[in-house]
Amino acid sequence: MIIKPRVRGFICVTTHPAGCAASVREQIAYVARRGPIERGPKKVLVIGASTGYGLAARIAAAFGVGAATLGVFFERAPADAKPGTAGWYNSAAFHDEAAARGLQATSVNGDAFSDEIKHKTIDAIRRDLGQVDLVVYSVAAPRRTHPKTGVTHQSTLKPIGHAVRLRGIDTDNEAIKETLLQPATPDEIADTVAVMGGEDWRMWIDALDAAGVLADGAKTTAFTYLGEQVTHDIYWNGSIGEAKKDLDRTVLALRGKLAARGGDARVSVLKAVVTQASSAIPMMPLYLSLLFKVMKARGTHEGCIEQVDGLLRDSLYSAQPHVDAEGRLRADRLELDPAVQARVLELWDQVTDDNLYTLTDFAGYKAEFLRLFGFGIDGVDYDAPVEPNVRIPNLIE
(Lines of atoms letter the chains of each structure in order from A and count residues from 1; the text may use other names and numbers.)
(Lines give C-alpha, C1' and ligand atoms only; values in the text may rest on other atoms or scores of the structure.)
Protein backbone atom coordinates (compact mmCIF):
# COMPACT_ATOMS: atom_id res chain seq x y z
CA MET A 1 0.00 0.00 0.00
CA ILE A 2 1.06 3.63 -0.53
CA ILE A 3 1.22 5.44 2.81
CA LYS A 4 1.10 9.23 3.12
CA PRO A 5 1.21 11.33 6.30
CA ARG A 6 -2.13 12.27 7.89
CA VAL A 7 -1.76 14.61 10.85
CA ARG A 8 -4.42 15.26 13.48
CA GLY A 9 -3.35 17.74 16.12
CA PHE A 10 -0.11 16.54 17.65
CA ILE A 11 -0.38 13.00 16.26
CA CYS A 12 0.35 11.62 12.82
CA VAL A 13 -2.13 8.78 12.42
CA THR A 14 -0.12 7.04 9.69
CA THR A 15 3.39 5.61 9.81
CA HIS A 16 5.78 4.56 7.07
CA PRO A 17 7.68 1.28 7.63
CA ALA A 18 10.44 2.00 5.11
CA GLY A 19 10.86 5.54 6.42
CA CYS A 20 11.16 4.34 10.01
CA ALA A 21 13.73 1.76 8.93
CA ALA A 22 15.70 4.41 7.04
CA SER A 23 15.67 6.65 10.12
CA VAL A 24 17.07 3.82 12.25
CA ARG A 25 19.82 3.22 9.68
CA GLU A 26 20.68 6.94 9.71
CA GLN A 27 21.14 6.81 13.48
CA ILE A 28 23.26 3.67 13.26
CA ALA A 29 25.44 5.35 10.63
CA TYR A 30 25.96 8.36 12.90
CA VAL A 31 27.15 6.15 15.77
CA ALA A 32 29.43 4.21 13.42
CA ARG A 33 31.04 7.45 12.20
CA ARG A 34 31.87 8.39 15.78
CA GLY A 35 33.79 5.15 16.27
CA PRO A 36 33.66 2.65 19.16
CA ILE A 37 32.51 3.81 22.61
CA GLU A 38 35.32 2.90 24.99
CA ARG A 39 34.57 1.00 28.20
CA GLY A 40 30.87 0.88 27.33
CA PRO A 41 28.21 -1.57 28.58
CA LYS A 42 28.00 -5.13 27.27
CA LYS A 43 24.45 -6.14 28.19
CA VAL A 44 21.84 -3.40 28.21
CA LEU A 45 18.18 -3.15 29.21
CA VAL A 46 16.32 -0.15 27.77
CA ILE A 47 12.87 0.48 29.24
CA GLY A 48 11.07 2.61 26.66
CA ALA A 49 13.23 1.47 23.75
CA SER A 50 11.20 2.09 20.61
CA THR A 51 11.26 5.84 19.93
CA GLY A 52 13.16 9.01 20.70
CA TYR A 53 15.83 8.96 23.36
CA GLY A 54 15.20 5.36 24.39
CA LEU A 55 15.65 4.10 20.83
CA ALA A 56 18.78 6.24 20.51
CA ALA A 57 20.18 4.67 23.68
CA ARG A 58 19.57 1.18 22.33
CA ILE A 59 21.22 2.08 19.02
CA ALA A 60 24.24 3.72 20.67
CA ALA A 61 24.79 0.77 23.00
CA ALA A 62 24.41 -1.85 20.28
CA PHE A 63 26.24 -0.20 17.41
CA GLY A 64 28.67 1.94 19.38
CA VAL A 65 29.73 -0.72 21.86
CA GLY A 66 28.52 -4.00 20.37
CA ALA A 67 26.24 -4.58 23.35
CA ALA A 68 23.52 -7.19 23.53
CA THR A 69 20.25 -5.36 24.17
CA LEU A 70 16.82 -6.06 25.57
CA GLY A 71 14.21 -3.42 24.77
CA VAL A 72 10.88 -2.94 26.54
CA PHE A 73 8.14 -0.93 24.81
CA PHE A 74 4.37 -0.74 24.34
CA GLU A 75 3.60 -0.57 20.61
CA ARG A 76 0.77 -1.57 18.28
CA ALA A 77 1.47 -4.15 15.60
CA PRO A 78 0.15 -3.69 12.05
CA ALA A 79 -3.18 -5.40 11.45
CA ASP A 80 -5.72 -5.66 8.62
CA ALA A 81 -3.70 -3.43 6.29
CA LYS A 82 -3.53 -0.77 9.01
CA PRO A 83 0.06 0.30 9.71
CA GLY A 84 1.56 -0.32 13.12
CA THR A 85 3.01 2.42 15.29
CA ALA A 86 6.32 4.09 14.47
CA GLY A 87 7.89 2.43 17.49
CA TRP A 88 6.91 -0.98 16.11
CA TYR A 89 8.64 -0.31 12.80
CA ASN A 90 11.65 1.29 14.50
CA SER A 91 12.09 -1.80 16.64
CA ALA A 92 11.68 -4.18 13.70
CA ALA A 93 14.38 -2.26 11.82
CA PHE A 94 16.64 -2.29 14.87
CA HIS A 95 16.30 -6.07 15.14
CA ASP A 96 17.08 -6.51 11.44
CA GLU A 97 20.19 -4.33 11.62
CA ALA A 98 21.37 -5.99 14.84
CA ALA A 99 20.94 -9.47 13.34
CA ALA A 100 22.91 -8.44 10.24
CA ARG A 101 25.83 -7.59 12.53
CA GLY A 102 25.50 -10.60 14.79
CA LEU A 103 24.25 -8.59 17.78
CA GLN A 104 21.89 -10.16 20.33
CA ALA A 105 18.53 -8.34 20.47
CA THR A 106 15.37 -9.29 22.34
CA SER A 107 12.26 -7.15 22.87
CA VAL A 108 9.29 -7.26 25.23
CA ASN A 109 6.05 -5.55 24.15
CA GLY A 110 3.71 -4.52 26.93
CA ASP A 111 3.00 -2.10 29.77
CA ALA A 112 6.32 -1.36 31.47
CA PHE A 113 4.44 -0.19 34.57
CA SER A 114 3.00 -3.67 35.16
CA ASP A 115 4.46 -6.44 37.30
CA GLU A 116 3.77 -8.90 34.46
CA ILE A 117 6.11 -7.15 32.03
CA LYS A 118 8.79 -6.81 34.70
CA HIS A 119 8.61 -10.57 35.29
CA LYS A 120 8.71 -11.35 31.55
CA THR A 121 11.70 -9.06 31.16
CA ILE A 122 13.56 -10.71 34.02
CA ASP A 123 12.90 -14.14 32.50
CA ALA A 124 14.23 -12.90 29.15
CA ILE A 125 17.37 -11.49 30.77
CA ARG A 126 18.03 -14.81 32.50
CA ARG A 127 17.55 -16.70 29.24
CA ASP A 128 19.37 -14.43 26.80
CA LEU A 129 21.79 -12.25 28.77
CA GLY A 130 22.29 -13.69 32.22
CA GLN A 131 22.67 -10.24 33.75
CA VAL A 132 22.62 -6.63 32.56
CA ASP A 133 25.23 -3.96 33.29
CA LEU A 134 23.23 -0.92 32.16
CA VAL A 135 19.54 -0.13 32.68
CA VAL A 136 18.18 2.89 30.81
CA TYR A 137 14.78 4.19 31.90
CA SER A 138 13.14 6.26 29.16
CA VAL A 139 9.39 5.90 29.66
CA ALA A 140 7.09 8.70 28.48
CA ALA A 141 3.44 7.91 29.15
CA PRO A 142 0.39 10.05 29.95
CA ARG A 143 -1.05 7.60 32.46
CA ARG A 144 -0.03 4.71 34.69
CA THR A 145 -2.03 1.94 36.28
CA HIS A 146 -0.31 1.27 39.59
CA PRO A 147 0.64 -2.41 39.79
CA LYS A 148 -0.10 -2.67 43.53
CA THR A 149 -3.29 -0.62 43.90
CA GLY A 150 -4.84 -0.96 40.44
CA VAL A 151 -5.50 2.79 40.43
CA THR A 152 -4.91 4.53 37.09
CA HIS A 153 -3.13 7.87 37.50
CA GLN A 154 -3.25 10.55 34.80
CA SER A 155 -0.42 13.06 34.47
CA THR A 156 -1.26 16.75 34.16
CA LEU A 157 0.69 19.56 32.54
CA LYS A 158 -0.17 22.55 34.72
CA PRO A 159 1.50 25.29 36.74
CA ILE A 160 1.40 25.27 40.52
CA GLY A 161 -0.09 28.04 42.66
CA HIS A 162 -1.24 30.39 39.91
CA ALA A 163 -2.52 30.40 36.36
CA VAL A 164 0.03 30.84 33.56
CA ARG A 165 -0.53 32.30 30.10
CA LEU A 166 1.76 30.72 27.52
CA ARG A 167 2.57 31.68 23.95
CA GLY A 168 2.66 28.84 21.48
CA ILE A 169 1.91 27.72 17.95
CA ASP A 170 -1.39 26.32 16.78
CA THR A 171 0.35 23.76 14.58
CA ASP A 172 -2.80 22.88 12.63
CA ASN A 173 -3.44 26.49 11.59
CA GLU A 174 0.19 27.65 11.71
CA ALA A 175 -0.70 30.61 13.89
CA ILE A 176 0.57 32.05 17.16
CA LYS A 177 -1.87 31.50 20.01
CA GLU A 178 -1.97 31.98 23.75
CA THR A 179 -3.09 29.30 26.16
CA LEU A 180 -4.19 29.96 29.74
CA LEU A 181 -3.31 27.05 32.01
CA GLN A 182 -5.05 26.89 35.38
CA PRO A 183 -3.05 25.72 38.41
CA ALA A 184 -2.95 22.04 39.26
CA THR A 185 -4.88 20.71 42.23
CA PRO A 186 -3.05 18.70 44.91
CA ASP A 187 -4.57 15.50 43.51
CA GLU A 188 -3.40 16.37 39.99
CA ILE A 189 0.12 16.99 41.28
CA ALA A 190 0.14 13.67 43.15
CA ASP A 191 -1.13 11.84 40.07
CA THR A 192 1.56 13.43 37.90
CA VAL A 193 4.25 12.33 40.34
CA ALA A 194 2.77 8.81 40.32
CA VAL A 195 3.08 8.67 36.51
CA MET A 196 6.28 10.60 35.84
CA GLY A 197 8.19 10.43 39.11
CA GLY A 198 10.76 7.87 40.19
CA GLU A 199 8.60 5.12 41.69
CA ASP A 200 8.42 2.87 38.63
CA TRP A 201 12.16 3.27 37.95
CA ARG A 202 12.81 2.20 41.55
CA MET A 203 10.42 -0.75 41.16
CA TRP A 204 12.34 -1.89 38.07
CA ILE A 205 15.72 -1.69 39.79
CA ASP A 206 14.40 -3.38 42.94
CA ALA A 207 12.87 -6.21 40.87
CA LEU A 208 16.01 -6.69 38.77
CA ASP A 209 18.20 -6.66 41.87
CA ALA A 210 16.00 -9.11 43.79
CA ALA A 211 16.06 -11.46 40.79
CA GLY A 212 19.85 -11.39 40.65
CA VAL A 213 20.00 -10.09 37.08
CA LEU A 214 21.91 -6.88 37.81
CA ALA A 215 25.63 -7.39 37.27
CA ASP A 216 28.18 -6.13 39.79
CA GLY A 217 29.10 -2.60 38.76
CA ALA A 218 25.80 -2.09 36.93
CA LYS A 219 24.72 1.45 36.13
CA THR A 220 21.25 2.86 35.65
CA THR A 221 20.07 6.19 34.31
CA ALA A 222 16.69 7.83 33.80
CA PHE A 223 16.27 10.45 31.10
CA THR A 224 14.68 13.80 31.86
CA TYR A 225 14.33 17.34 30.55
CA LEU A 226 14.70 20.42 32.74
CA GLY A 227 14.99 23.38 30.38
CA GLU A 228 15.67 27.01 31.28
CA GLN A 229 13.82 30.18 32.26
CA VAL A 230 11.43 30.27 29.31
CA THR A 231 10.06 26.79 30.07
CA HIS A 232 10.28 26.79 33.87
CA ASP A 233 6.67 27.77 34.59
CA ILE A 234 5.46 24.61 32.91
CA TYR A 235 8.38 22.31 33.69
CA TRP A 236 10.45 22.80 36.84
CA ASN A 237 7.89 24.98 38.64
CA GLY A 238 4.83 23.05 37.48
CA SER A 239 3.21 19.68 38.13
CA ILE A 240 5.78 17.93 35.93
CA GLY A 241 8.51 19.63 37.96
CA GLU A 242 7.25 17.88 41.09
CA ALA A 243 7.69 14.56 39.27
CA LYS A 244 11.21 15.57 38.25
CA LYS A 245 12.05 16.44 41.86
CA ASP A 246 10.74 13.01 42.86
CA LEU A 247 13.11 11.51 40.28
CA ASP A 248 15.98 13.40 41.93
CA ARG A 249 15.03 11.95 45.31
CA THR A 250 14.64 8.44 43.93
CA VAL A 251 18.08 8.39 42.32
CA LEU A 252 19.78 8.93 45.67
CA ALA A 253 18.35 5.68 47.05
CA LEU A 254 19.17 3.80 43.84
CA ARG A 255 22.71 5.18 43.84
CA GLY A 256 23.25 3.91 47.36
CA LYS A 257 21.90 0.47 46.46
CA LEU A 258 24.09 0.09 43.34
CA ALA A 259 27.19 1.74 44.81
CA ALA A 260 27.39 -1.07 47.36
CA ARG A 261 28.26 -3.34 44.41
CA GLY A 262 30.43 -0.88 42.49
CA GLY A 263 27.58 0.51 40.41
CA ASP A 264 25.94 3.90 39.98
CA ALA A 265 22.58 5.58 39.35
CA ARG A 266 22.15 8.96 37.68
CA VAL A 267 19.46 11.16 36.21
CA SER A 268 20.57 12.25 32.73
CA VAL A 269 19.32 15.65 31.55
CA LEU A 270 18.88 15.86 27.77
CA LYS A 271 18.03 18.75 25.48
CA ALA A 272 14.61 19.61 24.09
CA VAL A 273 13.76 17.63 20.96
CA VAL A 274 10.62 16.98 18.94
CA THR A 275 8.72 14.00 20.32
CA GLN A 276 5.07 13.03 20.38
CA ALA A 277 5.05 14.06 24.04
CA SER A 278 6.70 17.46 23.56
CA SER A 279 4.49 18.34 20.59
CA ALA A 280 1.45 18.11 22.87
CA ILE A 281 2.82 20.73 25.30
CA PRO A 282 1.36 24.16 24.43
CA MET A 283 4.58 26.19 24.39
CA MET A 284 7.03 23.58 23.10
CA PRO A 285 6.49 23.84 19.31
CA LEU A 286 7.31 27.57 19.53
CA TYR A 287 10.25 27.03 21.87
CA LEU A 288 11.64 24.22 19.72
CA SER A 289 11.19 26.21 16.51
CA LEU A 290 13.16 29.11 18.01
CA LEU A 291 15.75 26.82 19.59
CA PHE A 292 16.35 25.05 16.27
CA LYS A 293 16.78 28.40 14.50
CA VAL A 294 19.32 29.66 17.03
CA MET A 295 21.28 26.42 17.49
CA LYS A 296 21.45 25.65 13.77
CA ALA A 297 22.85 29.14 13.16
CA ARG A 298 25.55 28.38 15.73
CA GLY A 299 26.20 24.89 14.38
CA THR A 300 25.25 23.26 17.69
CA HIS A 301 21.87 21.68 16.85
CA GLU A 302 21.51 18.06 17.96
CA GLY A 303 18.83 15.38 17.83
CA CYS A 304 18.25 12.28 19.95
CA ILE A 305 21.09 10.15 18.61
CA GLU A 306 23.69 12.93 18.90
CA GLN A 307 22.59 13.61 22.46
CA VAL A 308 22.60 10.01 23.69
CA ASP A 309 25.74 8.97 21.83
CA GLY A 310 27.47 11.93 23.47
CA LEU A 311 26.00 11.04 26.86
CA LEU A 312 27.50 7.55 26.74
CA ARG A 313 30.89 8.75 25.50
CA ASP A 314 31.26 11.92 27.57
CA SER A 315 29.47 11.14 30.83
CA LEU A 316 28.09 7.65 31.50
CA TYR A 317 31.34 5.94 30.48
CA SER A 318 33.80 8.79 30.88
CA ALA A 319 36.34 9.30 33.64
CA GLN A 320 35.33 12.98 33.64
CA PRO A 321 31.53 13.07 33.32
CA HIS A 322 29.59 16.31 32.96
CA VAL A 323 27.83 16.44 36.34
CA ASP A 324 25.86 19.29 37.92
CA ALA A 325 25.69 20.23 41.59
CA GLU A 326 22.83 17.76 42.17
CA GLY A 327 24.76 14.87 40.65
CA ARG A 328 22.80 14.77 37.39
CA LEU A 329 24.59 14.02 34.12
CA ARG A 330 24.14 16.99 31.80
CA ALA A 331 23.94 16.54 28.03
CA ASP A 332 21.90 19.73 27.56
CA ARG A 333 24.83 22.13 27.91
CA LEU A 334 24.60 23.54 24.38
CA GLU A 335 20.88 24.27 24.73
CA LEU A 336 21.51 26.09 28.00
CA ASP A 337 24.36 28.20 26.63
CA PRO A 338 23.49 31.69 27.94
CA ALA A 339 23.83 33.19 24.45
CA VAL A 340 21.39 30.62 23.03
CA GLN A 341 18.81 31.18 25.75
CA ALA A 342 19.17 34.97 25.53
CA ARG A 343 18.50 34.89 21.80
CA VAL A 344 15.46 32.62 22.23
CA LEU A 345 14.07 34.98 24.89
CA GLU A 346 14.76 37.98 22.67
CA LEU A 347 12.77 36.48 19.81
CA TRP A 348 10.01 34.94 21.95
CA ASP A 349 7.57 37.88 21.91
CA GLN A 350 8.56 39.03 18.42
CA VAL A 351 7.11 36.00 16.63
CA THR A 352 3.82 36.64 14.80
CA ASP A 353 1.75 34.77 12.25
CA ASP A 354 3.44 36.80 9.51
CA ASN A 355 7.06 36.13 10.49
CA LEU A 356 6.67 32.61 11.87
CA TYR A 357 8.72 31.07 9.06
CA THR A 358 11.45 33.73 9.11
CA LEU A 359 12.09 34.29 12.83
CA THR A 360 11.78 30.60 13.71
CA ASP A 361 12.63 27.26 12.17
CA PHE A 362 9.02 26.10 12.20
CA ALA A 363 9.70 24.36 8.88
CA GLY A 364 12.44 22.35 10.59
CA TYR A 365 10.13 21.59 13.51
CA LYS A 366 7.45 20.24 11.14
CA ALA A 367 10.02 18.15 9.29
CA GLU A 368 11.29 16.64 12.56
CA PHE A 369 7.71 15.91 13.62
CA LEU A 370 7.00 13.97 10.42
CA ARG A 371 10.31 12.11 10.74
CA LEU A 372 9.00 10.64 14.01
CA PHE A 373 6.53 8.67 11.88
CA GLY A 374 8.92 7.76 9.07
CA PHE A 375 8.13 10.59 6.65
CA GLY A 376 10.56 12.98 4.99
CA ILE A 377 13.55 10.64 5.25
CA ASP A 378 16.15 10.96 2.50
CA GLY A 379 16.27 8.09 0.03
CA VAL A 380 12.74 6.79 0.67
CA ASP A 381 10.30 6.64 -2.26
CA TYR A 382 7.00 7.68 -0.71
CA ASP A 383 5.14 7.12 -3.97
CA ALA A 384 6.03 3.43 -4.01
CA PRO A 385 3.86 0.76 -2.37
CA VAL A 386 5.23 -0.56 0.93
CA GLU A 387 4.37 -3.66 2.96
CA PRO A 388 2.88 -2.60 6.32
CA ASN A 389 2.86 -6.10 7.84
CA VAL A 390 6.32 -6.16 9.38
CA ARG A 391 7.17 -8.55 12.20
CA ILE A 392 9.67 -8.16 15.02
CA PRO A 393 11.84 -11.24 15.58
CA ASN A 394 12.63 -12.32 19.16
CA LEU A 395 9.56 -10.47 20.44
CA ILE A 396 7.94 -11.41 23.74
CA GLU A 397 4.33 -10.28 24.28
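Any Cβ shown, glycine's included, is placed from N, Cα and C.
Taking Cβ-Cβ distances under 8 Å and a sequence gap of 6 or more within the same chain, the neighbours of Tyr235 (active site, proton donor) are Tyr225, Leu226, Gly227, Gly241, Lys244. Tyr235 (active site, proton donor) carries neither a helix nor a strand DSSP state and counts as coil. Here Swiss-Prot flags Tyr235 as active site, proton donor, drawing on sequence analysis.
According to DSSP, Val139 (NAD(+) binding site) sits in a coil region rather than a helix or strand. Its Cβ placed at the centre, Val139 (NAD(+) binding site) has 21 other Cβ atoms within 10 Å. According to Swiss-Prot, the feature NAD(+) binding site maps to 48-53, 74-75, 111-112, 139-140, Lys244, 273-275.
Positions annotated as substrate binding site by Swiss-Prot, on the basis of sequence analysis: Tyr225. Counted within 10 Å of its Cβ, the other Cβ atoms near Tyr225 (substrate binding site) come to 21, all protein chains included.
Sequence annotations record features per position, and here Swiss-Prot assigns site 'Plays an important role in discriminating NADH against NADPH' to Glu75. When secondary structure is read from DSSP and collapsed to three states, Glu75 (site 'Plays an important role in discriminating NADH against NADPH') falls in the coil class. The Cβ of Glu75 (site 'Plays an important role in discriminating NADH against NADPH') has 21 neighbouring Cβ atoms from other residues within 10 Å, across all protein chains displayed.
Gly52 (NAD(+) binding site) falls within a helical segment according to DSSP. In sequence order, Gly54, Val72, Phe73, Ala112, Val136, Tyr137, Ser138, Val139, Ala140 are the residues of the chain that are 6 or more apart from Gly48 (NAD(+) binding site) and have a CB within less than 8 Å of its CB. Under the three-state DSSP scheme, Lys244 (NAD(+) binding site) falls in the helix class. Distance between Cα atoms for Asp111 (NAD(+) binding site) and Glu75 (site 'Plays an important role in discriminating NADH against NADPH'): 9 Å, as a whole number. For the pair formed by Gly52 (NAD(+) binding site) and Glu75 (site 'Plays an important role in discriminating NADH against NADPH'), distance between Cα atoms is given as 14 Å, rounded to the nearest Å.
Rounded to a whole number, the C-alpha distance linking Val274 (NAD(+) binding site) with Glu75 (site 'Plays an important role in discriminating NADH against NADPH') is 19 angstrom.
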